[in-house]
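Annotated features in TrEMBL:
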REGION    1-52  region 'Disordered'
COMPBIAS  14-26  compositional bias 'Low complexity'
COMPBIAS  36-48  compositional bias 'Low complexity'
DOMAIN    48-175  domain 'ALOG'
REGION    165-236  region 'Disordered'
COMPBIAS  181-194  compositional bias 'Low complexity'
COMPBIAS  201-224  compositional bias 'Low complexity'
COMPBIAS  227-236  compositional bias 'Basic and acidic residues'
Amino acid sequence: MEPAPGAPGGTGEGPSSSSDPADPGAASPPPPLPPRQEQQQQQPPLSRYESQKRRDWNTFLQYLTNHKPPLTLARCSGAHVIEFLKYLDQFGKTKVHAAGCTFFGQPSPPAPCACPLRQAWGSLDALIGRLRAAYEESGGRSESNPFAARPVRIYLREVRESQAKARGIPYEKKKRKRDPSAATAASASASAATVPEKNSEAGGESSSSALPAAGGTSSATTSAVGVRRDGSSSTS
């Protein structure tokens, strides 16, 4: 008697282990990513400006934490912002000559001097712009923004003027470059607006020249030519 297929010792092949869903060794798909991790992977990389703004904001928050006594963002004022800018001077790389230095006012000194390094005015101005935007993006109100306070603007102006005198480099406000296409469109619209004015002026001159002057040729012609009731004219 032949053994049944699939029985122990039989010649038939049993079911494959790979097709068994209960087999623990079977390959299974990877688990899905958590929603937050999936969003982080799909989020585009930050621009250079956004990355710098985030680093500057974290640095300022760390400064408030290490402040003695510690400060909160709600209690931060323009005076604290100025203290923060002065604190950053120790990390500056711009040579600012003192008033008694022999190289005061020289843009390219021929030799080194003992004057301290400071943060350049342009760097401080750009930093305040980024922190002002980060403050409002973090939920702060624009009317209470300490980075837009008047003392901060005065301090930045004083730094600009003092560094310009010490370094002999005047800071001039850069003029914005106009878009050539916009300039062309503006000139075209201006030229189109002047055409009707010229036409109206030409029409006014022709109409005024057609009008007879008082006591002119028309009155003389009317007196010389008599008009009868039946439409025929007779000369006097």
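Yeah, the Cβs are placed from backbone N, Cα and C, and that goes for glycine too.
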**Report entry** the domain 'ALOG' (48-175), counted residue by residue under DSSP: helix, strand, coil
**Finding:** 77 helix, 4 strand, 47 coil
Query raised in the report: Looking only at the domain 'ALOG' (48-175), what is the mean pLDDT?
Result: 91
